[in-house]
């Protein structure tokens, strides 16, 4: 019988963590057990949850807690993420200090999920870069700007050598810069930049609107030649992401933005672990990219949480790996540390670290590319800066984060 394993962290589980775990296992499956007649117990046995493990520990704050793993028969729910979450964490999420830390799916259940269409290798193949972290930049200050302003931003970022450019997640459908026009006009700008530089740049356009409208809009984006779709996954739901990944008429990579996820992950006592929501479930539902706060920037996660997301995005599984995108407050002086912690297969994502460069967005992009090259070539960053005026200016403005051995 196939089972799904759910691991929880119970803060202050009471005097008997084993008893609390058993209450959860029974309460979220057959409802009661000891009061049932033997015949009914036999009939319901295959639907009964079971406690796999209970480990009592202390939190980092010295609080008593228990890590509990419960097995749920997959016969109890349909093979979709909403059914799973409702089963293992529906009413339970309302029942005191309890956090869903992980889900372990059976191989048969995984076969019903799409995973990324392109994954790390597919994205690299589109860009033609395989031996370094990719570089992404973000539109900045876009509210109230017209199409000409956005086109110039796009052009300057592309000339700086970035591999991907994404819309701001708060750029919605506007009269001055409508969705379809951003795709068609942006495509022209990037083609012109390619002719000038010989470097391929992909543009992630923000897919927004009412849920019922999104599929038609995504299909139209594909027809118009869009490169990538940016989706605020947790404003819409993982099932919406999955529906795009499964649709053959939407043959585009999907970039999952973490907007709203903080309300679901940030508490130590409630909600989901960062790695489950932004790592595993994003990947399983079909995200080719997963953005999340880096451990170093302006909206930082603890390093263990950021690395756990990266691990869920990239570790061996039946699905293609998702490109991990640690973000927020990234500048060129952080790149050696980013590459030490996240290796080659991640995307360096910068906003102000590119647009705030003294030589503009193009200079910001060149500074990032220079420091990436320095790390790959094992050249001291200060030596590289002597031959890269843009990197020198960036280090003077933002400084450098030291890498401990």
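Positions of Cβ are set from backbone N, Cα and C atoms, glycine also.
For the substrate site that Swiss-Prot gives as 140, 166, 167, 168, 169, 329, 351, 352, the extra residue drawn from 257, 269 is 257.
Most buried of the binding-site residues 167, 168, 169, judged by other Cβ atoms within 10 Å, is 167. When the record's substrate-binding residues 140, 166, 167, 168, 169, 257, 329, 351, 352 are compared pairwise by CA position, the greatest distance found is 18 Å.
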